[in-house]
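Chemist: One structure, as structure tokens, below. Some questions next.
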Amino acid sequence: MKFLQQNSFTQTSMSQPHEDVSPPLRHPYLTGNFAPIHKTTNLTPCTYSGCIPPELTGGQYVRNGGNPVSHQDLGKDAHWFDGDGMLSGVAFRKASIDGKTIPEFVNQYILTDLYLSRKTTSIASPIMPSITTLVNPLSTMFQIMFATFRTIFLVILSNLPGSQQAIKRISVANTAVLYHDGRALATCESGPPMRIQLPSLDTVGWFDGVEAEGEPEISQAGSDDSPFGGSGIFSFMKEWTTGHPKVDPVTGEMLLYHNTFMPPYVHCSVLPKSNEKAPGHRLVNQPVLGVSGARMMHDFGASRSHTIIMDLPLSLDPLNTMKGKEVVAYDPTKPSRFGVFPRHLPSSVRWFHTAPCCIFHTANTWDSQSSEGELSVNLLACRMTSSTLVYTAGNIRPPVRSRCTQARVWSDEREETACRYKEAPALESPGESTGLADYFPITAESDDYDQCRLYYYEFDLAMESRNHVKSQWALSAIPFEFPSVRPDREMQEARYIYGCSTSTSCFGVALGRADKVDLLVKMDAKTLIQRGKKMNATSITGCVDRRSVCEILQEQRKDDPINIFRLPPNHYAQEPRFVPRACSTEEDDGYLLFYVFDESQLLPSGDCPPSATSELWILDAKNMRDVVAKVRLPQRVPYGLHGTWFSSQDIESQRSVESLRSLEVVQRKKEEWVNSGGQIRKSWMVLREKLEKAVG
């Protein structure tokens, strides 16, 4: 972690400052191309080189990510997962004259309650506490309580006279985007999805599971069409929805879970398409029993028949402060627990226990049946062997963990089951003899302990009396994150998984010190799983393909199960998304779309000049070699989180909209309210402004 080693940071964010060193107040996730950009652009034609595939005509690629409204203080608590949601998209419009495809760039803030409140008040810093504040071991109980009560105070203030935008939901909608049943939705786990309009990326309103704000009222709603949350004092928490909902490409159902601080902690919902309301198919806020506590739960697995909830030992619990722990805390003495249940029967959950880990993203989930008829549910996920990323993405030095390899026994008294596992500090490493050290130095701070690898789990459902993890090992030794598959192969046994990697470090550390993605990977998961089973890979610590990034790049065999596209020097990519070629018969026949930034544009200080721009690259996903087109954008796109491809049919099939959210309308209403109320209202607004400035 070079940044952490070479720079003294603030006492609250890093370590004790050296008395002779003046610490540079620069946060790696607020500088360079991580720095937010505040210019928004309506649909603007772009130039391009190469040939744009006809499959893209009429569609749009959109990527979501955190983009803080203000970041003047580069030394303050900040985390890569913080920030107001901003969408950046490229639409491919067909010209009416010559029929050519014209790419058009657009980017817009998502107008959440927090964003609108922040822009129409005198509040100087984010309304919500930073994740950094919650995970920092040096954060005192007073600091956390102050940040929490400050948020509560500002939420209450936003509901008093003079506010034209009350804060009813605390989501920044900065995580991902998806399409379901005529709606494009932006997500974040601190609130419900937010509907956006394509291709303009305007904000429509919050989606509550039945309808979105800004849509025409539903004339007839079914008796079971209840919204997220239901009723009760804690109903607002049951609106909090995963940042990664899953849409079944066959049935059109959208699967979601809602994660809260209160038992039973997790609820699940299944929303069918509006024209397919078979009895029993719609579920809203159904409890998943057996979750061990409040968890930082970012993703889940979903096959055509089953859902997998991950109860990992990474807690997100305000009550931790009473126990002398951080609100977000990782406990490597506890196991990882995977709850598997039929899609529409969460009450039938079965819990599988194994070694502790962190998983932020799943790649794919599918059902399989042996020749004897035994049923298994399979999961591919990006498995981290530590919680390092949670800390380093906030520029915090991770807690030191002793390396332990003794066997532990953990029991769940509620279920009267026991889980015995070897607490391995890492997945099995190929070690220096295979050349891995060329890219991943084996040091105290950067070794297998911090690796993130594409990992295979097989949950055996054949024996009702025993919950057994039949297989669990890594497919490859290389770092692998931000996974995706061909959309119409999701929830089935997809052969290929696409994702990101890095040639300079490992993801657990690299993302934290703001290293970037310079490799895109295509992994033949089906072949690697078959090899793993044939070689009887070691449970938990096994690794099927032990080659390093360097070795794979040197070999580049035609039949290699791992193909890597390496970007040119100083060029860095973001998460790729697959678009299939028309009438394709082979699973990998299509294109990968992703944003690219050339860091040779950076100033000597490491900052981006105003003239810096990004590109959208279109890569042949079959040979992972040919860049068929590059779209030159009018501005840069900061490194962000997740994107998706919206087809022309998606855009044309959007539900009607009556109204859109607008910052200008909110500002105008505020001015009209003040000017129409005489001196009393003006005096109140003066007092209100002082209160806002007083709390920052």
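Each Cβ is built from the backbone N, Cα and C atoms, and glycine gets one as well.
Keep in mind that what you see is a predicted model, and the values were worked out from it rather than measured.
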Chemist: Record says HIS244, HIS361, HIS642 bind Fe(2+). Source is Swiss-Prot. Which of HIS281, HIS298, HIS306 does it list for that same site?
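Modeler: Among HIS281, HIS298, HIS306, only HIS298 appears alongside HIS244, HIS361, HIS642 as Fe(2+)-binding in Swiss-Prot.
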Chemist: Around the Fe(2+) site (HIS244, HIS298, HIS361, HIS642), what further same-chain residues have their C-beta within 8 angstroms of the site's C-beta centre?
Modeler: THR175, ALA176, GLY243, ASP299, PHE360, THR362, LEU641
Chemist: Who sits close to HIS642 (Fe(2+) binding site): which same-chain residues at least 6 apart have their Cβ under 8 Å from its Cβ?
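Modeler: In sequence order, ARG63, ASN64, GLY65, THR175, ALA176, VAL177, GLY243, HIS244, PHE482, GLU575 meet the Cβ cut-off.
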